[in-house]
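**Q** Features from Swiss-Prot:
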| type | residues | note |
| --- | --- | --- |
| CROSSLNK | LYS22 | SUMO2 cross-link |
| CROSSLNK | LYS104 | SUMO2 cross-link |
| CROSSLNK | LYS112 | SUMO2 cross-link |
| CROSSLNK | LYS120 | SUMO2 cross-link |
| CROSSLNK | LYS137 | SUMO2 cross-link |
| CROSSLNK | LYS152 | SUMO2 cross-link |
| CROSSLNK | LYS168 | SUMO2 cross-link |
| CROSSLNK | LYS173 | SUMO2 cross-link |
| CROSSLNK | LYS186 | SUMO2 cross-link |
| DOMAIN | 21-104 | domain 'RRM 1' |
| DOMAIN | 112-191 | domain 'RRM 2' |
| MOD_RES | THR4 | phosphothreonine |
| MOD_RES | SER29 | phosphoserine |
| MOD_RES | SER85 | phosphoserine |
| MOD_RES | THR140 | phosphothreonine |
| MOD_RES | SER149 | phosphoserine |
| MOD_RES | THR159 | phosphothreonine |
| MOD_RES | LYS168 | N6-acetyllysine |
| MOD_RES | LYS173 | N6-acetyllysine |
| MOD_RES | THR176 | phosphothreonine |
| MOD_RES | SER201 | phosphoserine |
| MOD_RES | ARG203 | asymmetric dimethylarginine |
| MOD_RES | SER212 | phosphoserine |
| MOD_RES | ARG213 | asymmetric dimethylarginine |
| MOD_RES | SER225 | phosphoserine |
| MOD_RES | SER231 | phosphoserine |
| MOD_RES | SER236 | phosphoserine |
| MOD_RES | SER259 | phosphoserine |
| MOD_RES | ARG266 | asymmetric dimethylarginine |
| MOD_RES | SER324 | phosphoserine |
| MOD_RES | SER341 | phosphoserine |
| MOD_RES | SER344 | phosphoserine |
| REGION | 193-353 | region 'Disordered' |
| MOTIF | 9-15 | motif 'Nuclear localization signal' |
Amino acid sequence: MEKTLETVPLERKKREKEQFRKLFIGGLSFETTEESLRNYYEQWGKLTDCVVMRDPASKRSRGFGFVTFSSMAEVDAAMAARPHSIDGRVVEPKRAVAREESGKPGAHVTVKKLFVGGIKEDTEEHHLRDYFEEYGKIDTIEIITDRQSGKKRGFGFVTFDDHDPVDKIFLQKYHTINGHNAEVRKALSRQEMQEVQSSRSGRGGNFGFGDSRGGGGNFGPGPGSNFRGGSDGYGSGRGFGDGYNGYGGGPGGGNFGGSPGYGGGRGGYGGGGPGYGNQGGGYGGGYDNYGGGNYGSGNYNDFGNYNQQPSNYGPMKSGNFGGSRNMGGPYGGGNYGPGGSGGSGGYGGRSRY
């Protein structure tokens, strides 16, 4: 049936609702089936969908899958019960990232620290705490001010005790704090920025994912001004390869995404691919000596002020965020596996559990 202008928003709304109910499950044993995956996750609620991704030719498991619950509350309950172990193997559940969000800086990086832009002069720490504590336990809140004038510079950081609240906040695009629209992004350390930029230029390896690397200070909002360029696919041509049901892929391309570090896909958003040309620095500098790369000299005084409207973090030298990358069909392309690394698969590499 031909799609009409009326059905497109409805489909998008349905997809967004599904996105909040879907988990990516990485690190699956080759022995794990859809039945055993379903049996495990049904302890937290009713599943509306469950799939183990397989190679279309060999039918061998690629070491990851997806489960979709009937409600967000069930997803929260499952994530609160981590760690998860299926068929004798500890797996890595993460909130699935839709295709349109997958290419954003930090989309697949696991951190505990959140960058918050759009903070106005009348917004205080307690406003941030009141808003964000519903997502999880907060460790620290910092609103950045000018050292000389003491005025707020329009941004700050919220650090949680776990990465899942940050992932959940990142998925929910629109946030209003103290009556003002706010822009939220995962806060990346200089090392993480460099890893992301290295992957974009085709020099990256298979970094895996795991521990949050989010403690302490010294963070920026992620590479790429306007939060547009910069694939987070830790590794040239790697990432998720295929995908699932029309949702964005990991950095290796395809549809539904979870996290980097799963070895080689075929095509898609591979590191350094076209369409991610932004090399500009959003705020002009880093934060507490973590600037690095395109973020300037590295002192947070070079970070600039957040005076623009949300979604306009600074000048771009080039851009073109998004664009299709060999999306293929719902179950097409890519090779994944729970062991090894490199072009034909794998989970592992340097996973940071």
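Backbone N, Cα and C define each Cβ position, glycine as well.
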**Q** Rank the modified residues SER29, THR140, THR159, THR176 by how many other Cβ atoms lie within 10 Å of each Cβ and give me the one with the fewest.
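**A** Each of the modified residues SER29, THR140, THR159, THR176 was scored by Cβ atoms within 10 Å; lowest is THR176.
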**Q** If you measure from the C-alpha of LYS137 (SUMO2 cross-link), which of the recorded positions LYS22, LYS104, THR159, LYS168, LYS186 fall inside 10 Å?
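**A** Taking LYS22, LYS104, THR159, LYS168, LYS186 one by one, the ones whose Cα falls within 10 Å of LYS137 (SUMO2 cross-link) are THR159.
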**Q** Out of LYS152, LYS173, LYS186, which of these recorded sites shows the lowest number of other CB atoms within 10 Å of its CB?
**A** LYS173
**Q** Among the recorded sites LYS137, LYS168, which residue has the fewest other Cβ atoms within 10 Å of its own Cβ?
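**A** Lowest Cβ count within 10 Å among the recorded sites (LYS137, LYS168) is LYS137.
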**Q** How would DSSP class SER85 (phosphoserine) in three states?
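**A** SER85 (phosphoserine) sits in a strand per DSSP.
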**Q** By CA distance, which of the recorded positions (SER149, LYS152, THR159, LYS173) lies nearest to LYS120 (SUMO2 cross-link)?
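**A** Ranked by Cα distance from LYS120 (SUMO2 cross-link), first place goes to LYS152.
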**Q** What three-state class does DSSP give LYS104 (SUMO2 cross-link)?
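**A** In the DSSP reduction, LYS104 (SUMO2 cross-link) maps to coil.
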**Q** Looking only at C-alpha atoms, tell me how far LYS152 (SUMO2 cross-link) is from LYS186 (SUMO2 cross-link), rounded to the nearest Å.
**A** 20
**Q** Where the distance is taken from Cα to Cα, which of the recorded sites LYS104, LYS112, LYS168, LYS173, LYS186 turns out closest to THR159 (phosphothreonine)?
**A** LYS112
